[in-house]
Amino acid sequence: MNFLAEVLSSAEEVELEEINRKVPELKLMIDDVKSDVVQYLENVYVKYSCRPKQNRELLNQIHDIEDQINSLKKYAESATKKDLSKSSKELKKNVESLEILNFTIDIVSKLSNINEKLIEIDTLLIAGEYLKGKQLICELESLLTDEIPTEDHLEIMRELSITIHSKRNDLLNALENVFNENVIMKCNENYASIEVLNINEKFEGALLALCYQTEEVDLIHNLINLLWNSFLLPAIDKVVDIVIGKNEISCVIQITIKDSTKKSHYSEVFDKVRLIMEFLREYFNFKLNDDLTTLEYICRSIRDNLSEILIKSCLADTIPSTVEGLQKYKTVIEDTKKLEDFLRESKIFVDGTASLVEYANNVDVLFMNKKCLEYTTIAIQIMKKDLHDMIEVGEPFNPDSLLSSMSEDFQQCSVSKSTIALLQLTEKIMQKAIKGSDVCGGRLFYTAQHIMREYGLCVPEYHKKLLQTIPQQVALFHNNCLYICHKLTKWNDTYCQKLPSTCNTGNLGFTNEINQLQHIASEMFSNYVKEQIKHINEIMKDSGLDGVVLEELQPVTEKSVRQCLRQQELLKTVWQKVLPFSIYNRTLGAILNSLCTCIISSVLKYEGISSKSAEQLMEIIKMILVRGPKLFSDPKEITLFVVMWYKLNELDFVLGASLLDIKNRWADGKGPLALHFKPSELKSLIRALFQNTARRSAVLAKIIE
C-alpha cells in the first residue's frame, strides 16, 4: 500500500469513528429537545399556563439537530458504498438509528412548526390577511391529519386539533362579519333591498378566503336565496317597483311589491330582470378564485331556474290564442332575443341553459298547444255542469217496424244539454283538424280524443254522489255516453278519413273512445239496476213469507210488496221519458221480474198453505198483476220483458182453483200450467194447498214428467 492510500484509509476510519460516536449523542439530544417541545406544548395547550417564549429557540435546536443528522447520513452513505469491512456491522446499526432519529426529529419539528403557525394565524387575522390565514389553517389541518402519528401524546394531538378548529371558527366569524358589513340585506313581506359597499381590499380578501378550498359558500347562498325569492320571483310573477340608488360609499337595489295578485306585461318583466342582473354585474362581480367570480357563482345556482320560470311564468303567457295575435308575435320574439343576448353576454346564461328564443320561435306549436289546452279546459268545465238539465234527442221508437231496433238512427231519449255543448265543441275541433297543417291537425285530433276519454273519467268522479243515489242522473249519464258514441261513430266516416296522414290513426279514429264509453255506460247503469234488484230482494226477505206452513199472511207481506211496487213506479216516473224505449222496458222488466221471482219461490217452498192465506196471496198477486203492466210503455207487452209474468199468473190460478181445474189446466202436460211449472213444483204446490185425499192422489198421479 502506498502512502496516499494509507492516508485515505486512515481518514475514512476517523470518519467512521466520528459517526459511531455522534449517533448516540444525537439520540440523547433528540430525546432532550423532544421532551422540551412536548413539555412546551403541554404548557400551552393542555395546562394553559403562561406561554413561554422559547418556541423559536426550540425550533433552532431542532434545525441544528436536523443538519447534524443529514451530515452524518452523507458520511454513512459514502462509507456504505466503499464497503469498509471493519465497520460494516456497527455502521449498519448506526445507519438504522439515524433513520429512526430522523423520523423522530421530523415529527418534533412538525409539532413545533404547527405551534409557530398557530401563533402566525392570530397575527394574520388581526392584519386582515384572511386568505393567508385560511391557507395556513388548511395546511395545519392536513399536517395534523396526514403527517403526524397520533399514537404518542394523544392529549397534545387532541388539543392541537381543537385549537386549529377554533382558529377556523374565528376566521369564519371574521369573514362573516366582513361580508355582512359590506353586503347589507333586508327583507319583509312586500319589500327587500341589497346594499353593497364600494370595492375595498378587505372585502375582496374575505371573499377569496371564503371560497378557498370550498365549493359551497353559505353566505353567498343566503344572498342567492334573497335574490331569487324576494327579487327575481316577484319581478316575474307580480307587479313590482325596482329602484337602484348610489352614493359615495355604496349602491343599493330595492324592490317593492305593488300587487301580488297580478303579473306585469312581459316587456316590464324583461326590463326588471335585466335591471337586477345589471346591478349584480356592476356592483357584485368580485373574484373568488382564478376561474370564478361572485356573479358566475350566483348565476351557476339560478340560471336554469331563471330560464325555466321566464318560459313558464312569462313567455307562456305571451303565446297568442287568436290568429291575429299570432301574426303580431314577432315583437315578442325580438324582445326575447335582446334579453337572451344580454344574459349570455354577461355569462348569466351559458351554452347548456335552455334558450328563451328557441321557445318563442316555436310559437306555432305553442299557439296550438295553448288552443288545445283552452279547448280541454272548456270541455272539463262543460263536463262539470249539472246532468239533469236535459234535452230530447233521437228518433221516436216505431213499434210497427221490425228493423227499428237495428236502425242506424239513435233512439229517442233525453241527454244532458252539457253533452250537446261538449259535442259541439269537439266537432268544432275536428273541423279545424281536417283543415289544419300536419302538426296542427294531429294535435287537434289528439285533443278531441283526449276530451272524449276524459268524459268517461271526469263525469263519474265529479258527479259521483248523484250518480250513486239519483236514478235520473245515472240514466242520463248512460244516455250521454251512448249518444256520444253514436256521434263518434259518424265522425269516424265524416272527419277521421280526412285527417292529415301524419295522424296515423290506423283507421281506428275514435274506436277506442267508443269502446271505453260504452263499457263505462253499461257498467254504471247495470250496477245501478243490480242495486235496485238487490233492494227488492232485501225488502222481500223481511216480508214474512218464511217458515214451512202458511196459516195466515202477516200485514208486513202486503206492505213489503207495495213498497217494491212503489219503488218501481218511482223509477218509471224518472226513467220513462229519459231512457230509450227498449232500454227502459227491458230494465223495468228485469226489476219487476225479480219481484215476481221472490213471490213465486216463496210460495213454492211451503209444505202447507191454508185456504185463508191462499186467498190473501191471491190478493197480493192481483195487486202485482194490476199495477205491474202500468210500468211499461205498452202494458200489453209486459210478457216481452218479464220472464216470470206467465208463471205468476198460473200461480194465481192454482191458488184459487179446484183439483179438477188444475187437472184440466195441466192437460196431461200439454196445458198452460205445463208450460210454466215443472211437475215437481206443481205437485209440491198441490200438496200444500189440498188435504191428502184419494182425489188429490189421483190428480198427482196425472202430473208426470
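In case you wondered, yes, glycine gets a Cβ from its N, Cα and C as well.
Copied over from TrEMBL, here are the features:
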- 16-101: coiled coil (COILED)
- 219-379: domain 'Centromere/kinetochore protein zw10 middle' (DOMAIN)
- 410-536: domain 'Centromere/kinetochore protein zw10 C-terminal' (DOMAIN)
- 559-703: domain 'ZW10 C-terminal helical' (DOMAIN)
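Confidence for the domain 'ZW10 C-terminal helical' (559-703), expressed as mean pLDDT, is 95. Mapped onto DSSP helix, strand and coil, the domain 'Centromere/kinetochore protein zw10 C-terminal' (410-536) counts 106 helix, 5 strand, 16 coil. When the domain 'ZW10 C-terminal helical' (559-703) is classified with DSSP, helix, strand and coil residues number 116 helix, 2 strand, 27 coil.
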